[in-house]
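J.: Following this message is one structure expressed as structure tokens.
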Amino acid sequence: MATREETSNVEAFITEQGPIMSSVKHENGLTSAHTIDHDSWQQVGLLLVTSFNCGYILSFSNLMLVPLGWTWGIICLVVVGLYTAYANWLLAAFHFINDQRFIRYRDLMGFLFGKEMYYITWVFQYLTILFGNMGFILLGGKALKEINSEFSDSPLRLQYCIIITGAAYFLFAFLIPTMSAMRRWLGISTILTFTYIIILLVVLVKDGKSNKNKDYKIHGSKVDKVFNGIGAISAIIACNTSGLLLEIQSTLRKPAVENMRKALYAQYTAGLLVYYGVSIVGYWAYGSAVSTYLPEELSGPKWVKIVINFATFLQSIVSQHMFLAPIHETLDTKFLKLDESMDSKENIKRRFYVRAVLFSFNIFVTAAFPFMGDFGTCLDHFRSYL
């Protein structure tokens, strides 16, 4: 059994306790600049469905199915989908342990495994989120570049599109500071999501029927096939789970565990059906030659590519905000005045500076890497890290 000293050391990492102000002291003494116990499961479920069906799905055919082929690809999609759904279903119950509520992954890990695991979780979770946000910036920049290329024979460099995308993300994050505040945007996000997905599927089916020379072979040496297959499985896992379930769950009304599971049911039925569907249809339409970014291969009139890329760009703004929310929450809780409203004059100024520094760093790093000049090369580079 743990000694009293060991127990007190672990309990020190249960929550991040700062100076607790009356306006931000939530149930169980949790301190956060963001809202807790506020959202319905329908809102969170819709947020999950639309956020996971972001523009990333336009690369899934190439990233997940090309290295695995039909048989192993479908098996892995089904098995990993069921596994991650069950894992998240179980994890939702860890939101409460002995009546103690955990609103952050690192707090839970610190409580269960001690100080070292608290910091390890913090570092790896935030690195993953930051890299993912760089991917979102790249994704939005690629969509803008595709739109620009439809109107110009000498389109803007991808780096300029990345800067424009980062500026748009910054503006949204500044005006919509919390995950709960995204409520008003979910309707627009849903319309955007299904607009580009429906148009995309129609064109993919048309192209697939006319493409008679499809090749579904897995190319490369045995070593390449093994490592590419491992990367594909890693990508399937990444596309099925957010890595920030507790942070999302913290916004839910009581009963938080039951409501989180309802939201997960929406994600792993309606949501999964959509992005798995796009991945499978894209692979069926073009085979192993499918592009790393599906709109590059679409046939049809110019407006089709423009609408798909524009909807992808706008939807990526909403999606990246959900995935970056834990970092916003940490920075806001650290630097904002917790005894004042989120929209007070002082906190608006502080929020502007915090968001500006964060997105300036993301934009600089994303645009600076030389491999970012080509989207396909970037995906290959990203895959090598998986």
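Residue numbering: from 1, along the chain as shown.
Cβ atoms here come from the backbone N, Cα and C positions, even for glycine.
In case it helps, TrEMBL gives these features for our protein:
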DOMAIN    39-375  domain 'Amino acid transporter transmembrane'
TRANSMEM  44-66  transmembrane segment
TRANSMEM  72-97  transmembrane segment
TRANSMEM  118-137  transmembrane segment
TRANSMEM  157-176  transmembrane segment
TRANSMEM  185-206  transmembrane segment
TRANSMEM  226-246  transmembrane segment
TRANSMEM  266-286  transmembrane segment
TRANSMEM  352-372  transmembrane segment
J.: Counting Cβ pairs under 8 Å to the transmembrane segment (266-286), which of 72-97, 185-206, 352-372 comes out on top?
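T.: The stretch with the most close Cβ contacts to the transmembrane segment (266-286) is 185-206.
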J.: For the transmembrane segment (44-66) and the transmembrane segment (185-206), check the count of CB pairs under 8 Å (sequence separation 6 or more) and say whether it reaches 3 or more.
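T.: Stretch pair touches.
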J.: Any chance you could find the range in 72-97, 118-137, 157-176 with the most Cβ pairs under 8 Å to the transmembrane segment (226-246)?
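T.: Between the candidates 72-97, 118-137, 157-176, the best contact partner of the transmembrane segment (226-246) is 72-97.
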J.: Between the stretches 72-97, 118-137, 185-206, 352-372, which wins on the count of C-beta pairs under 8 angstroms to the transmembrane segment (157-176)?
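T.: Stretch with maximum Cβ contacts: 352-372.
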